[in-house]
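**Student:** One structure, pasted below without further comment.
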Amino acid sequence: MIISRLQNSPLLDWLVFLLLVLVLLADRYTVPGFAHGVLYTPILVLSGIGNRLRRLTITFTFCLLFVWSGVLIMPAGMEAILQSQFVANRILATLALITIFFLSRFTISSQQQQTKNQQQLKLAAEIAKLGYWQWDKTGFLQLSPEAAQLLEQKNLNPFTQKQFVSWFSEKQQDALTQALKATLQNQQPLDGEFLFASQKGPRRLRIMAYHDRHVTEHIQGIIQDVHDSKLIESSLLEEQRRSSYMAETTLQLMWTVTKEGLLDSVSRYTLEFFGESEAYILQNWLELLHPDDQLAASERWWHSMRTGDAYSDEYRLRRFDGEYLWFLAQASAIHDEQGQIIKWYGTSINIHQTKMLQQQSEALSQQLQNTLESITDAFFTLNPELYFNYVNNHAVALFNIPQSRLLNHKSIEDTDIDPSGFLHKKLSLALSQQQVISFEYFYDAKQLWLDVRVYPSNNGLTVYLRDVTRQRREGEELKLLRSAVSQLNDVVIITEASRNSHEKPNIVFVNSAFERVTGYNRQEVIGKTLQILHGPNTEKNELRKIKAAYNAWQPIRAQLTQYHKNGREIVLELNSVPIGLTAGWYTHWVSVERDITEERHLQQQLQLAQRMEAIGQLTGGIAHDFNNLLTVITGNTELLIEALTDNPTLQPLAKLISSAAERGAGLTRNLLAFARRQPLSPEAVNINMLIRNIEPLLRSSLGQKYQLELNLSSDIWPVMIDPVQLESSLLNLTLNARDAMPEGGKLKIVTERFILPNHQKIPLNELEAGEYIKIDVIDNGDGIPPALQDKVFEPFFTTKPAGKGSGLGLSMVFGFIKQSGGHIQVESELGRGTRFQLLLPHNDLVTPVSVLQEIDSPITTPHYQQTILVVEDNDLVRHYALSQLRDAGYQVLSAADGHQALNWLASAQQIDLLFTDVLMPGGLSGYELAQQARQLRKNLPVLYTSGYTEKVLNEEEKQNGSIPILNKPYHRAALLNKVAQMLAYKT
């Protein structure tokens with residue numbers, strides 16, 4: 001008992017030293033020939049108590065020194081034989097001391113390593129939720145502390161089998177009893193999952209046991225909480241089933257190809273479509289194409305195989321009934337880590353209906369051309385100089401001038417139709433403004449009223465002249481009505497229906513708004529049905545509702561997706577009512593339609609924004625929990641790697657865990673960046689070094705068809721900015737440049753100093769005069785049209801097809817640069833390329849040296865008697881931080897929430913640094929704790945840590961970099977460096 005109390009006490013050091021001195025003093029009075037040096041051996045053994053190598057080494061050194069110091073006090077005149085015995089005894093004592101020293105040293109090292117391994121195993125068991133148990137034939141079961149915690153038992157006394165079984169679900173108690181009995185009596189292994197009746201609800205525990213054949217009196221095993229892992233496993237299985245179901249039920253032909261170009265698998269729908277066996281399709285897929293398409297499809301496929309480019313082709317496939325249908329086939333290659341192709345995944349989408357509509361459209365176009373050739377109205381075309389370059393027969397007859405003369409460098413002024421020049425002015429105006437115009441004009445020489453319609457284009461004007469003299473005289477009132485209706489912003493359509501075909505009324509009138517909204521002129525739609533505006537995405541339900549209303553002659557209101565003449569979708573809200581010109585029968589429908597395309601688009605954008613916000617909140621929360629877990633995993637794998645230096649078998653496994661944890665940390669950073677919950681962390685950044693670091697990423701993002709040129713100024717200034725967000729912004733601009741160069745091109749990034757003078761003009765007048773770093777991102781792509789350049793930074797604005805871009809990329813870059821005190825502008829020229837110019841303010845308070853500092857290993861600074869208060873609500877993270885700080889030599893206090901921390905801060909306990917999590921339960925965040933802490937201890941430094949700060953921290957302080965934050969997950973070196981820096985600032 002006394003020895004155990006003294007083993008770690010300074011009194012034991014003094015006792016050992018006193019015994020050494022006494023033995024040394026007694027050496028002079030020892031009988032000659034007595035092995036006096038042996039008396040030091042029990043003192044050396046005594047110093048080894050407490051497993052302190054330093055004490056053992058010092059004692060061993062003094063023992064050797066005192067053993068041979070006896071030679072100096074050896075009595076004079078000693079006989080030679082006694083002198084030989086004296087020296088021999090000293091040598092033997094020395095050998096004995098050396099033997100005892102190395103045995104004790106080995107024993108202490110082994111015990112220390114065993115203690116360390118036991119602590120690590122215990123921590124691993126806590127993380128894996130493992131516990132140990134033992135049960136003997138007397139019926140009593142003994143639990144380890146970990147197992148008792150899993151079973152919510154505070155008492156560690158032995159339990160009976162009945163008590164143990166009663167803790168589980170009643171439905172499984174008999175099965176558990178039989179399993180335990182079979183294991184103990186029949187030596188059968190036990191491995192099963194049972195529902196534990198926890199106070200928080202049922203939890204699934206895995207109970208495993210084995211029977212040692214050499215020890216038949218008892219069995220021993222482990223208990224593991226697998227409830228959470230089973231829930232995750234169940235979710236993953238459900239997701240796998242869902243993905244498999246979608247792959248098998250989608251009406252697409254799905255297939256995979258080996259790296260050698262051989263078809264090796266097809267989806268179930270593919271088998272159903274062809275009506276052939278999988279083996280036949282894999283061997284003869286080319287024969288299933290239309291004979292006219294086989295050669296071209298094969299050449300395009302092998303081209304993709306040679307180059308690795310994505311495959312895309314349209315061809316006809318033979319269905320099981322022999323009919324050929326059009327399909328769009330697309331395939332992409334999957335690469336390994338070395339960039340080698342390992343697989344091709346492809347789909348074939350049925351585009352037969354679209355193809356048929358395209359052919360119908362071409363036929364309609366040809367029909368329209370024939371109609372123009374046979375039109376009964378006079379029409380002609382003029383070149384940009386307003387000279388005739390085409391006139392039809394009716395125009396020749398109207399002007400009474402031979403066609404050959406009109407086409408011989410003649411203009412409208414060379415005829416008698418425009419003596420005052422009015423018509424020429426109208427035509428010039430339409431050409432300059434590129435606007436369709438229509439008006440009535442009195443041809444004085446022929447005494448005719450003409451309906452003139454002018455359609456501008458890049459090649460000049462197309463002019464229609466229709467004789468409306470009779471209609472004008474007969475329908476003056478109708479003309480006034482038409483004029484009024486034509487001025488409406490809403491589309492007005494009047495359709496006429498016969499008694500036998502009222503479900504498909506013909507168009508008899510459209511106003512100018514119809515031409516503006518749909519792109520069709522009156523002549524193109526008069527006499528046709530409204531189906532001319534329908535297309536693939538026109539709502540079938542709405543059409544059925546309209547048809548039913550037409551059949552019943554009832555007013556109808558609906559919204560329809562219709563199609564502009566150029567193929568663009570437009571959404572119209574229509575109100576249609578029947579009217580009758582004769583009593584008892586409706587003969588016409590009047591429809592007023594309003595263009596709500598923009599409203600529908602804005603509504604969809606709002607829904608998308610709301611969904612993105614919801615996903616952002618979800619991903620941010622998930623990343624927060626993952627960062628806590630990854631902090632513990634990352635830190636402990638570092639310890640394992642160091643502890644397993646001499647174990648070539650286990651150390652690579654520990655490094656594999658560390659690598660996986662780092663990848664997980666990267667994923668959580670991506671989640672936080674996506675969720676826009678990652679706070680800006682401004683720091684001194686060397687722009688050139690940052691660009692060099694991400695150069696491989698930029699090149700891989702561009703692909704082999706693109707060149708990347710870096711022109712980085714050597715005398716660049718450092719800037720205070722968030723490096724992660726700047727990397728993301730440069731990558732975003734790179735990807736936009738790549739999309740602007742679909743056929744390949746060159747991207748150039750230039751950095752240089754830039755001084756903004758006081759008289760600088762717009763657009764840089766938003767910035768203060770001073771020193772800046774300019775970054776130019778220049779591509780030689782298609783360029784941006786001038787009309788769109790002012791919109792590129794607007795949220796949701798994108799020129800990419802639906803589903804290919806969110807329209808938020810450049811908006812996020814714009815917001816980040818502005819938030820960092822900089823400026824961004826775009827310059828572009830069609831066909832020449834685009835340049836994005838970023839201006840970042842130079843900070844006089846930082847030097848390039850600070851930019852180059854990296855965290856490789858912990859900073860070694862004296863920190864004896866320095867005390868750190870660690871506040872962390874997550875037990876695992878808190879225990880990890882405590883252990884790392886203690887191992888580094890700090891005095892550590894801990895608190896699970898802000899209220900516990902305030903108790904420490906209000907006490908007289910020395911505290912040199914407050915290290916606190918940001919988000920904590922209990923109504924007191926880390927930021928609020930720090931504010932109260934500074935009221936109690938004015939100059940106390942505070943270091944924050946978090947994996948997800950949301951809006952708890954003060955935004956202004958975060959952007960200015962005045963709040964030190966250690967982001968989770970963090971390494972041991974990062975933790976110790978940050979703590980050392982904070983304590984150094986304090987001193």
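Each residue, glycine too, has its Cβ placed from N, Cα and C.
TrEMBL annotations: computationally assigned, not manually curated.
Taken from TrEMBL, the feature transmembrane segment covers 53-74, 86-108. For 311-363, 554-608, the entry in TrEMBL reads domain 'PAC'. Among the features that TrEMBL reports, domain 'PAS' is placed at 477-534. The domain 'Histidine kinase' feature in TrEMBL is assigned to 621-844. According to TrEMBL, the domain 'Response regulatory' annotation covers 867-983. The 4-aspartylphosphate annotation in TrEMBL covers ASP917.
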**Student:** Tell me, how many other CB atoms lie within 10 A of the CB of ASP917 (4-aspartylphosphate), whichever protein chain they belong to?
**Tutor:** 24
**Student:** Treating G and I as helix alongside H, and B as strand alongside E, what does DSSP give for the domain 'PAC' (554-608) in helix, strand and coil?
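**Tutor:** Counts, helix then strand then coil: 12 helix, 29 strand, 14 coil.
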**Student:** Using DSSP reduced to three states, classify ASP917 (4-aspartylphosphate) as helix, strand or coil.
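**Tutor:** Once the DSSP labels are grouped into three classes, ASP917 (4-aspartylphosphate) ends up as strand.
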**Student:** Summarise the domain 'Response regulatory' (867-983) by DSSP state, stating how many residues are helix, strand and coil.
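**Tutor:** Across the domain 'Response regulatory' (867-983), DSSP assigns the residues as follows: 51 helix, 23 strand, 43 coil.
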**Student:** List the helix, strand and coil residue totals of the domain 'PAC' (311-363) as derived from DSSP.
**Tutor:** 12 helix, 30 strand, 11 coil
